[in-house]
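Report on the following structure.
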Amino acid sequence: MKVAVLPGDGVGREIVPEAVKVLKAVSNGRFELELEYGAIGMSGVEATGKPLPDETLAMAQRCDAILFGSVGGPEYEQWLRKNKVRSGLLQLRRTLGLNANLRPVRPIRELASVSTLKPEVIDGLDMLIVRELSSDIYFGEPRGPVESANGERESINTMRYRESEVRAIAHVAFKAAQQRNRRVCSVDKANVLETMQLWRDVMTEVGREYPDVELTHLYIDAAAMALLRTPTRFDVIVTGNMFGDILSDEAAMLAGSLGMMPSASLAPGGKGLYEPIHGSAPDIAGRDIANPLATILSAAMLLRYTLKRETEAVLVEEAVRRVVAAGTRTGDIMETGCTQVGTRAMGDAVVAALAG
Ligand code: NAD
């Protein structure tokens, strides 16, 4: 099994080594794991002048899976804007055909009081957000930078979906629901946007192929509200790239912190990129205080989805739960009576829990 390790920028460089420690510990004596390291994001620019260096892309293509940290920061954003280049991560997702982003939201019971919602509202919450990742307004053409037109600045982006793209993500969502509680809620804005009318029509058509799964539809504004009001009503939420981006950050707050939310981006062939949903967190980078658990839980998804190592995936998830339940916490999930630790100590605690 070959895994490309791309820490990226900011806290990515601190949290990915902790997930690697955990992967090495859980694979030890069970299966061979070959790791290759590459640069991406501002680290890629600094090393090669490109946010997605050719060597990194080649490595990602030949490996079975990719463990990713984060890219970003003010310097990187400025560089991309100045050079009119797309983010290395967007290029990578596009080139590898990573069209389905899976974001499970299953808060750890012992962290219930860290959430800003009442514990009874999130009690029993177990949902999966399936976000389309390769299309929508993030990729639609025409698009254009800010330009002067008729005496003022103007810019354009295009929300565009092809039927085949919606169909592909619909199948991912319905198949996932068959393994869960057989309910799919498709989120769109079909009352206003033609693109989203297409989305709803295709979802409905594909839904007929899965008579054992209940399909409902919600507009994005209603879904954003329902997620806070009655989150446990959801099983699988399927939505477009932009709406999924926003909804899944909202859902992260149900789990207490962005630092607890893993994700998997999968290509139809089975290749996957695994990353926390948060960014490079420049405000806390380099201080050994970032929470590595979202990345460690992403490594568990890597074990489950690409390496087909369900037993080891559960071992990692259970180790994380035990560490948190024992009161070992990074600052973002700290509570009275718990012990605050840094990024590295949290990684060590998970490795120790795996051994124990
Ligand atoms: P962010 O997710 O980096 O941070 C938002 C807030 O959450 C910050 O206060 C941060 O300190 C906190 N946070 C994030 N991860 C944490 C962790 N592991 N532990 C504890 N606290 C954590 O979002 P942002 O500040 O809006 O973006 C920063 C940069 O990251 C931007 O350049 C953005 O484009 C980029 N970004 C990258 C990705 C990615 O690589 N997939 C995703 C989102 C944002």
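Each residue, glycine too, has its Cβ placed from N, Cα and C.
Unlike curated records, TrEMBL annotations are generated automatically.
TrEMBL annotates R93, R131, D221 as substrate-binding residues; of R103, R229, R233, the candidate listed for that same site is R103.
Recorded residues R93 (substrate binding site) and I289 (NAD(+) binding site) have their alpha carbons 28 Å apart, per Cα-Cα distance.
With a cut-off of 6 Å between Cβ and the nearest atom of ligand 1, the recorded positions R93, R131, Y138, D221, I289 reduce to an empty set.
D245 (Mg(2+) binding site) has a Cβ environment of 16 other Cβ atoms inside 10 Å. Here D249 (Mg(2+) binding site) is positioned 14 angstrom away from A281 (NAD(+) binding site), judged by their C-alpha atoms. On the 0 to 100 pLDDT scale, the model's mean across the domain 'Isopropylmalate dehydrogenase-like' (2-350) is 95. For R103 (substrate binding site), the nearest of the recorded positions Y138, K189, D249, D283 in terms of C-alpha separation is D249.
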